[in-house]
Amino acid sequence: MEENKKTVDGSVDFTEEQEALVVKSWNAMKNNSCDLSLKFFTKILEIAPPAKQMFSFLKDSNVPLEQNPKLKPHAMSVFLMTCESAVQLRKAGKVRVRESNLKKLGATHFKTGVQDEHFEVTKQALLETIEEAIPEMWSLAMKNAWAEAHDQLANAIKVEMKEAHDQMDNANLIINMEENTGSCFTEEQEALVVKSWNAIKYNSGDLSLKFFKKILEIAPPAKQLFSFLKDSNVPLEHNPKLKPHAMSVFLMTCESAVQLRKAGKVTVRESNLKKLGATHFKTGVKDEHFEVTKQALLETIKEALPEMWSPAMENAWGEAHDQLANAIKAEMKKTDHDHQTNVEDKSKPSS
């Protein structure tokens, strides 16, 4: 997508000469905007007949185009929005379409499958309509001015289309993560996890510390992710916050594994899961950090019960860990989306 042409201060680069040409031509034809709207829309369908399928009021209609009761209001809406945003472009320094309308336009265009080439069709139809309406006034400079104004509006809509696309991707990713949680954990895996947990849970205090130390042995920089460690000069084993934190993480991981199949999902209280997602997002946790915790977990359990350990048990605990990790990632994704929305809202200039 081409970026809007902008000046250093962020405003749209639409020249005074271009503005004068657009305003002059719009003043000459706006009293005839009703007929011109219909011509404009008819031209779109002449240039690209398949575009008819993109309009809900046309695609399943057997009524002749000129008799369709919804055609005129829609054509007027599109033509007037395009022309009026062009007239105000330089003065406003941006495309002047109400923000809620722009978001709706983006979502609708994305949903109906509008592509870059469709915007080129509307531009061609717009330029031909204006040229035929005021042939004595038409010039290459005027054509370029209207084309630039059209492209600015098109790019503003494309930005909102991308936002709609990203929101759908985020929603689908979260849904997939949530739907898959617990769905791939077999009865055999459950039995292995329960059996091994029953054998080690009474030693969970020591194992928690071993588990946490392994995380820092495998990935020493991970120390910076923990607020009680990153600025501490106290030896690890003397840190008063280490054991409670290690116990909390280890017990949550193991107990959610034991309950995974029966519950059909990760059984961590929803408020805790949201908090985990927010904290992991804030501290910059990445996928590779979850791989570190998995390795540390598997090594800790293997060393705790070597006589019981097997590839099947390793896979069972690995799967249980991944289910918990995915549940946390889903919450991280939600937090990220909320954060991006807040940043965008704050960065938008007030009207």
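Using N, Cα and C of the backbone, Cβ positions are placed for all residues, glycine too.
Just so it is clear, the model here is predicted, and its values are computed rather than measured.
Per Swiss-Prot, the feature domain 'Globin 1' maps to 13-162; the stated evidence is sequence analysis. Counted with DSSP, the domain 'Globin 1' (13-162) comes out as 121 helix, 0 strand, 29 coil.
The feature heme b 1 binding site is assigned by Swiss-Prot to Ser56, Lys70, His74, Lys104, Thr108, His109. Listed in sequence order, the residues of the same chain lying 6 or more apart from His74 (heme b 1 binding site) and placing their CB within less than 8 Å of its CB are Phe41, Phe55, Phe57.
Residues of the domain 'Globin 2' (184-333) grouped by DSSP class, helix first, strand second and coil last, total 121 helix, 0 strand, 29 coil. What Swiss-Prot lists as domain 'Globin 2' is 184-333, and the listing cites sequence analysis.
In the shown protein chains, 13 other C-beta atoms lie within 10 A of the C-beta of Lys275 (heme b 2 binding site). Residues annotated as heme b 2 binding site in Swiss-Prot: Ser227, Lys241, His245, Lys275, Thr279, His280.
Here Swiss-Prot flags 331-351 as region 'Disordered'.
Close to Lys70 (heme b 1 binding site) in the fold, though at least 6 residues off in sequence, lie Phe57, each with a CB less than 8 Å from its CB.
Looking only at the binding-site residues His109, Lys241, the densest Cβ neighbourhood within 10 Å occurs at His109. The shortest Cα-Cα distance between Ser227 (heme b 2 binding site) and any of the binding-site residues Ser56, Lys104, Thr108, His109 is the one to Lys104.
In the structure shown, across all protein chains, His280 is the one of the binding-site residues Lys104, His280 with the greatest number of other Cβ atoms within 10 Å.
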